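Only one structure is covered here, and it is reproduced in the block below.
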Amino acid sequence: MAASAYAAAALAAPDWLNKGDNAWQLTAATLVGIQSMPGLVVLYGSIVKKKWAVNSAFMALYAYASSLLVWVLVGFRMAFGERLLPFWGKAGVALSQDYLVRRAALSATAHGDTPRTEPFYPEATLVLFQFEFAAITLVLLAGSVLGRMNIKAWMAFTPLWLLFSYTVGAFSLWGGGFLYHWGVIDYSGGYVIHLSSGVAGFTAAYWVGPRLKSDRERFSPNNILLMIAGGGLLWMGWAGFNGGAPYAANIAASVAVLNTNVSAATSLLTWTCLDVIFFGKPSVIGAVQGMMTGLVCITPGAGLVQTWAAVIMGMFAGSVPWFTMMILHKKSALLMRVDDTLAVFHTHAVAGLLGGVLTGLLATPTLLRIESPVPGLRGAFYGGGIGQVGKQLAGAAFVVAWNVAVTSLILLVIGLVIPLRMPDEELMIGDDAAHGEEAYALWGDGEKFDATRHDAARVGGGGGGGGIMEREGSVGQRLSGMGARGVTIQL
């Protein structure tokens, strides 16, 4: 069996197959998948209040699973198939053997004398890799509406948004659409993934409505250590995110992975220093946000800029989103009105746009020749002038406008059938109301705390509804055969 699998003439190894490229692309796809499952599932489940841990994790889980079926049924070819419109590919299935085992090809990417992109591995590998990108975009979007969106509305929203919003951005910038051929640079998803998820998430948060006032005022993480673990999976998984973008194990992939880590580290340190300077102490949550903005900012140009430029991009990534989140947010009526739970607008939309503009300034002509079919592209600092920056801004404007319009339309239609927001009485309860499940069993197995049977004391309820402690008996009472004794904190 082994001999036939590796024989040169075997069907398993056609002449066009590069085993190294195929192995790296499958590895990169797996790394990106780990960012969602379990990375963001763990991050979401731990960064929210205890009563929303299950719901937040499940929203990410469901988005990942539902995206895959939509992707192989019609989504992949709408994003990377033959051209239907300047911004959209022709729908079609990616399920048959004949389609999946042939050499991968992006039909609409031929540009002038440059032939279409044809990686040296089967179509199945490309379908899987690009699915992971589509899925994580929806999972990131979910961060804006945690803690109040009706789970049934979310289940209806995810396939519709993938089909009518994500595929448009992916085809326009990556699949051979008009922005691709015009020369707008988005190396690995600063616009397609991060700007889209940030803008769409902010728009969704507007239409869904805010969390309860008590939740907005106090929304402390239920497990900061797990939050760090989820963030760490994101950081390490980004090697596949940016390293897989060239569709080959080539020079650009190596540069991209190094630049990704440099930018993330620089941004984390910059954000932390600003926290210390202005607030007197470093914030762990802030450090994770700084890490995230550094990863997002480098993404549009990870394999296209020099490493000293990645340091500069990391410094901007750790300061500009910090400013918009900590300073500008409090001065803007719109930003204050819209309840973006995890600040996805700042960490993804702002950082993604920032990275796109900086790529227009710092992208080198040598690395662009490796990655782009459009001749003559170069950053402004390399003689490209202001034209490339203008293209970057125009491409961002299209992504923003499309996501605002399509996200709004989808949610308005869903809202006619399913309430977008959970009722207030269910929001008071959280996971148990949404799923009949809770993240932590703080009482006995199957036992529910009944306030009518026990003494209840309110401790430190400072205005925002937080800090409520319910307890059975006195704190000093020892456990005995009379029943379970313990303390539960309503987070």
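Glycine too: its Cβ is placed from the backbone N, Cα and C atoms.
Taken from TrEMBL as is:
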{"type": "TRANSMEM", "residues": "23-45", "note": "transmembrane segment"}
{"type": "DOMAIN", "residues": "23-440", "note": "domain 'Ammonium transporter AmtB-like'"}
{"type": "TRANSMEM", "residues": "57-80", "note": "transmembrane segment"}
{"type": "TRANSMEM", "residues": "127-147", "note": "transmembrane segment"}
{"type": "TRANSMEM", "residues": "159-182", "note": "transmembrane segment"}
{"type": "TRANSMEM", "residues": "188-209", "note": "transmembrane segment"}
{"type": "TRANSMEM", "residues": "221-241", "note": "transmembrane segment"}
{"type": "TRANSMEM", "residues": "247-271", "note": "transmembrane segment"}
{"type": "TRANSMEM", "residues": "283-302", "note": "transmembrane segment"}
{"type": "TRANSMEM", "residues": "308-328", "note": "transmembrane segment"}
{"type": "TRANSMEM", "residues": "349-368", "note": "transmembrane segment"}
{"type": "TRANSMEM", "residues": "393-418", "note": "transmembrane segment"}
Pairs of Cβ atoms less than 8 Å apart decide it: which stretch in 23-45, 127-147, 188-209, 247-271, 393-418 has the most with the transmembrane segment (159-182)?
393-418
Kindly say whether the transmembrane segment (23-45) and the transmembrane segment (221-241) touch, using the definition of 3 or more Cβ pairs under 8 Å where each pair is 6 or more positions apart.
yes
Predicted model, mean pLDDT over the domain 'Ammonium transporter AmtB-like' (23-440):
94
